[in-house]
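Annotated features in TrEMBL:
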type	residues	note
TRANSMEM	12-39	transmembrane segment
TRANSMEM	64-86	transmembrane segment
TRANSMEM	106-123	transmembrane segment
TRANSMEM	135-156	transmembrane segment
TRANSMEM	168-189	transmembrane segment
TRANSMEM	209-228	transmembrane segment
TRANSMEM	235-258	transmembrane segment
Amino acid sequence: MKKSIKSKSQIYLNSVVISWFSVAVVSQIIFATYVILFYGKATLSGHSEYWNKILPHGYVNGEVIGNLVVGLHLFLAAVIIVGGPLQLITKIRNRFRKFHRWNGRIFIFTAYVLSITGLTMVWGRGAVGGLAQHISISINAILIIIAATMTIFFAVRRNIKIHSSWAIRLYLLVNGVWFFRVGLFFWLFVNNGPYGYDPKTFQGPFLTFLSISQYSIPLILFELYLFAKRKNIAILNYSASFILFLFILIIAIGSYSISTSLWFPMMAE
Ligand code: HEM
């Protein structure tokens, strides 16, 4: 088979994308470990009320169904954060096809359930933040449902190229909640504390911006990457690489900040 020769700028862009993915996966593994250790330990030790150290609306005494919904949301959060990268790693996908299919089915099912339980929590039980943030995360949920449906649709039709693009969009969308947390702690780190929002009400222009950015910026960057790949013009490849490089820095700083000040301490609780 004829192998296409990649230009220097394409090699550069691919390396930046791989670096981005590697940094993101390390941070997501820490996030998943925190979810498993903190919420898992609290639940298994019979102290679900400890969820409320982080989630003000997490556990409500006597509300069995509502608490089960939150518990399911937290359990599936860990499943999806771990399952996502496993779907996207080419070597795993090519060598373990059966695993890819099963993990994919679990991933899609989990994405639907997380979105539906998330919507129930925001609009039924209440969540931190204001109306703008609630609308924004609900749009994230709807986009997850659309991307999950498109991902299966093209997998069933064996249109692997379009299936892969939708699978990446789905991965970015389900990680919106992770982007939000890492983005917030990057902001806290560079401003040396809260700025642009009220930490008591957890509302303000910066948080509204962040709640929209948590899914729109990753999606825009992905479309930019696809565009650069399609056009294959050196200046475009270098510009996309530079923007992605800045994004890596934000994720690395934000992940360091949230891990040391929240995730690691809560794992040890
Ligand atoms: C699909 C991927 C999602 C994952 C991996 C995920 C993960 C999580 C995690 C880990 C928490 C606990 C918070 C923490 O300890 O930092 C949480 C809480 C929560 N999630 Fe999700 N979530 C997802 C989607 C959604 C969606 C789409 C919505 C809304 C439509 C949502 C609504 C909520 C709410 C309301 C809480 C409780 C926060 C509060 O008390 O204000 N989640 N989620």
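Sequential numbering from 1, following the chain as shown.
Each residue, glycine too, has its Cβ placed from N, Cα and C.
Using a cut-off of 8 Å between Cβ atoms, the transmembrane segment (209-228) and the transmembrane segment (135-156) share at least three residue pairs, counting only pairs 6 or more apart in sequence. Same-chain residues lying 6 or more positions outside the transmembrane segment (12-39) and placing a CB less than 8 Å from one of its CB atoms are 6, 51, 54, 74-75, 77-78, 81-82, 84-85, 88, 175, 178, 181-182, 225, 228-229, 237-238, 240-241, 244-245, 247-248, 251-252, 255, 259, 262-264, 266-267, 269.
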